[in-house]
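Feature list (source: Swiss-Prot):
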- Cys65, Cys66, Cys130, Cys161: [4Fe-4S] cluster binding site (BINDING)
Amino acid sequence: MVLNFKFFTCENSLEDNSTTMLKNSIESSFINKTLTNSIILTTFNDFSNWARLSSLWPLLYGTSCCFIEFASLIGSRFDFDRYGLVPRSSPRQADLIITAGTVTMKMAPSLVRLYEQMPEPKYVIAMGACTITGGMFSTDSYTTVRGVDKLIPVDIYLPGCPPKPEAIIDAIIKLRKKIAQEIYEEKKILKKGTRFFTLNHQFNFFSNLDNPKLTSSNQFFQSKKTSKVLLETSLTFKEKENL
């Protein structure tokens, strides 16, 4: 039982018909209305996560047929604008990169450089089987990167050949849930120069030896071991052709 404020006087007494003034009020009190319009009770982590999860700006990195499925999201049928996605052409304005398609050895340095130019915090969605494992090119192709997670850290894996637009939307929703549960202090910032490739790709990290002035620019080079194997294979193939 509550008393409505209009039934009180300055002398802290009730009016003559006060016996009928008591009722169950279904409305919130005047104090609660004032507080809810001026005060937000939350934590810094929740506020920062809330501000980021609904305004993801993706950098579209399409290298194969999977990107055609992502292009379907731009149309009115799926309309990815309702999720706050704003495609950007510059990595310095994006906080999400979607790798769609096969990643080759020559494209690996460019992908890593694009990821480094993105501001923190940043996220990665690996879209398609070719991006995640190399796909059908991983068995007999020495120029295919067998998993983009060997180059850059991946947050969401989206399998499929190719994935449907509905699956892409589901991956974005899962990424938003992951962002909502993050803790700001535990978010690890990627150190400059860190790489995620493994020795399975026979990558070595060297400075540019052609021009001593460009010591700060780094490139990927194929190791001598891999080059030797490829040379022996090509020579053996040519000898068989001559026979």
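In case you wondered, yes, glycine gets a Cβ from its N, Cα and C as well.
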Cβ-Cβ neighbours of Cys65 ([4Fe-4S] cluster binding site) (radius 10 Å): 14
Sparsest-packed among the binding-site residues, when each Cβ's other Cβ atoms within 10 Å are tallied, from Cys66, Cys161: Cys161
Cys130 ([4Fe-4S] cluster binding site) in three-state DSSP notation: helix
Listed in sequence order, residues not in Cys65, Cys66, Cys130, Cys161 with Cβ within 8 Å of the centre of the [4Fe-4S] cluster site Cβ atoms: Ser64, Ala100, Gly101, Thr102, Gly128, Ala129, Thr131, Gly135, Gly160, Pro162
Coarse DSSP state, helix versus strand versus coil, of Cys161 ([4Fe-4S] cluster binding site): coil
Cβ neighbours of Cys130 ([4Fe-4S] cluster binding site) where a neighbour is any other Cβ within 10 Å: 28
